[in-house]
Structure formats: structure tokens, C-alpha cells
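J.: Here's a structure for you.
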Amino acid sequence: MSEKVQKSEHEWQQQLTPEQYRVTREKGTERPFTGDYQVSDEQGIYHCVCCGAPLFENEHKFDAGCGWPSFDRPLADASIEEHLDTSHGMRRIEVTCRRCDSHLGHVFPDGPQDTTGLRYCINSVSLDFHPGE
């Protein structure tokens, strides 16, 4: 993975849409069933919308019925970081981009048991899909 991407909040605001900024830089969550990538079967790679790092592959995407794109694993363990998140009175594991620290979503232990058993529940707005990769 490349070296860390560091920008000022102003630079992020200039680069991202207001919704992308709210979710990725302020740890927000998009409304369920509203994201562009919630339903997509096209093969390709999902990159971080902030820094372009490759994060997830459509081959490992599945329909969890939760309203957000769900994957059973990242493209590479080195592409993400996981952090304990105790916000909103809950105890969850937050998933961030290792390269730029953008908030992507959360990982839960209720994914497909025939693969990893994990569900990476990711905000569509935090991703940029590159078909055919």
C-alpha cells in the first residue's frame, strides 16, 4: 500500500461531494437501500472514493438484505484497518481505508458461513467502482 494520504479538511471538502465528506470524513452512514452499489453484479474492483486505494472485489460481494453493499472479505487485509467503535451506544468494528483513514462502514460476524463468516457492510458513497478490473 502506498504511503498515507493526508489532506486538510478544506481539501477533502473541495474533492468530495457533501455526502461523501459526511460519510468518509465525519464517520456518517448513508441511508439504507439508497446507495449506487447496493445491487450490482458487474465484475470489477471497488476503490476508496477519497484516495483511490483498491478495497473490495465484486466477486466477494453478496446480498445481505441490509441495504448496503456487503462483502465477505477485503481485496487485501493490508487495504483496510479495523477499529473498535462504541458510538451510538453500540459496540461495533469500524472499517477504514488504511491509506487515507476514510470511514467505509463496519464489519459484522454474520456473513456467509461457507466463506469467511464476515459481513463488511460498506457505504456505497465511500466507494468508486472500476468495472472490468
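Note that Cβ sites are derived from N, Cα and C of the backbone, with glycine treated the same way.
The following feature annotations were taken from Swiss-Prot:
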ACT_SITE  CYS121  active site, nucleophile
BINDING   CYS48, CYS51, CYS97, CYS100  Zn(2+) binding site
COMPBIAS  1-12  compositional bias 'Basic and acidic residues'
DOMAIN    9-132  domain 'MsrB'
REGION    1-36  region 'Disordered'
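Can you tell me where each of these features sits in this structure?
T.: In the three-state DSSP reading, CYS121 (active site, nucleophile) counts as strand.
DSSP assigns CYS97 (Zn(2+) binding site) to a strand. Within the same chain, residues at least 6 positions away in sequence whose Cβ sits under 8 Å from that of CYS97 (Zn(2+) binding site) are CYS48, CYS50, CYS51, ALA53, LEU55, SER79, ILE80, GLU81, LEU104.
Within the chain carrying the compositional bias 'Basic and acidic residues' (1-12), a Cβ under 8 angstroms from the stretch's Cβ atoms is held by residues 21, 24-25, 50-51, 53, 78-79, 98-101, all 6 or more beyond its ends.
Looking at the domain 'MsrB' (9-132) alone, the prediction's average pLDDT is 93.
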J.: DSSP on the compositional bias 'Basic and acidic residues' (1-12): how many residues come out helix, how many strand, how many coil?
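T.: Taking the compositional bias 'Basic and acidic residues' (1-12) as a whole: 4 helix, 0 strand, 8 coil.
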J.: Just to be sure I understand the packing, how many Cβ atoms besides its own are within 10 Å of the Cβ of CYS48 (Zn(2+) binding site)?
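T.: There are 25 such Cβ atoms around CYS48 (Zn(2+) binding site).
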J.: Calculate the distance in Å between the alpha carbons (Cα) of CYS121 (active site, nucleophile) and CYS100 (Zn(2+) binding site), and round it to a whole number.
T.: 19
J.: Translate the DSSP assignment of CYS48 (Zn(2+) binding site) into the three-state scheme.
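T.: Its secondary structure by DSSP: strand.
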J.: Cβ within 8 Å of the Zn(2+) site centroid (CYS48, CYS51, CYS97, CYS100 excluded): which residues?
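T.: After dropping the recorded site residues, what remains is VAL5, VAL49, CYS50, GLY52, ALA53, LEU55, ARG98, ARG99, ASP101, SER102.
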